[in-house]
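Some notes on the structure that comes next.
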Amino acid sequence: MSDRIPSPALLRVRRLDRDLPLPARAHPGDAGVDLYSTTDAHLRPGHRQLVGTGIAIALPVGTVGLIHPRSGLAARAGLSIVNTPGTVDAGYRGEIKVCLINLDPTEPIAIKRGDRIAQLIVQRVELPELEEVDELDDTSRGVGGYGSSGGHAAL
Ligand SMILES: O=c1ccn([C@H]2C[C@H](O)[C@@H](COP(=O)(O)OP(=O)(O)OP(=O)(O)O)O2)c(=O)[nH]1
Ligand SMILES: [Mg+2]
């Protein structure tokens, strides 16, 4: 893997399944590149399944690939992703897979090979070295979190 940080304007994609089209954005300027399922899948309510997308990519160092659900399938059928957004590391050269989950309480979801089941979003990411310290600087929030600012009971 090159240490150089090239422009993320170009993303190298390998089609591991040549019978599926190259993934694409539905419209120019869309953030997400729609990913196809390589397999049929039958998801019972509450069940999950890891499905392949048939592609491998070479993300430039300094970027990350995020695998997000598609909103249409989420709203219509309750299809989501267990680990949303999935993280694809720049050095990963294996097949991108998606851990789909059916969040509908009663209806199964049928996925067909070739369905667009998720979307890949590429973002720049900071890669700081970690420095261990004994104290952190003070802030107005301090250690308050999980509802500490009001509106509901803090944890
Ligand atoms: O939705 C996803 C999430 C991850 N991956 C691949 C690419 C990523 O670089 C690798 C590892 O992902 P992650 O770091 O989230 O998983 P882990 O459980 O920490 O595995 P590892 O020990 O391999 O890092 O798995 C996918 O194909 N799809
Ligand atoms: Mg990991």
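Each residue, glycine too, has its Cβ placed from N, Cα and C.
All TrEMBL annotations are machine predictions without curation.
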Original post:
With the ranges 76-95, 136-155 to choose from, which does TrEMBL describe as region 'Disordered'?
Top reply: 136-155
Original post:
Where the record says Arg70, Ser71, Gly72, Asn83, Thr87, Val88, Asp89 bind substrate, what is the longest distance in Å from one Cα to another among those residues?
Top reply: 26
Original post:
Around Asn83 (substrate binding site), how many other CB atoms lie within 10 A of its CB?
Top reply: 11
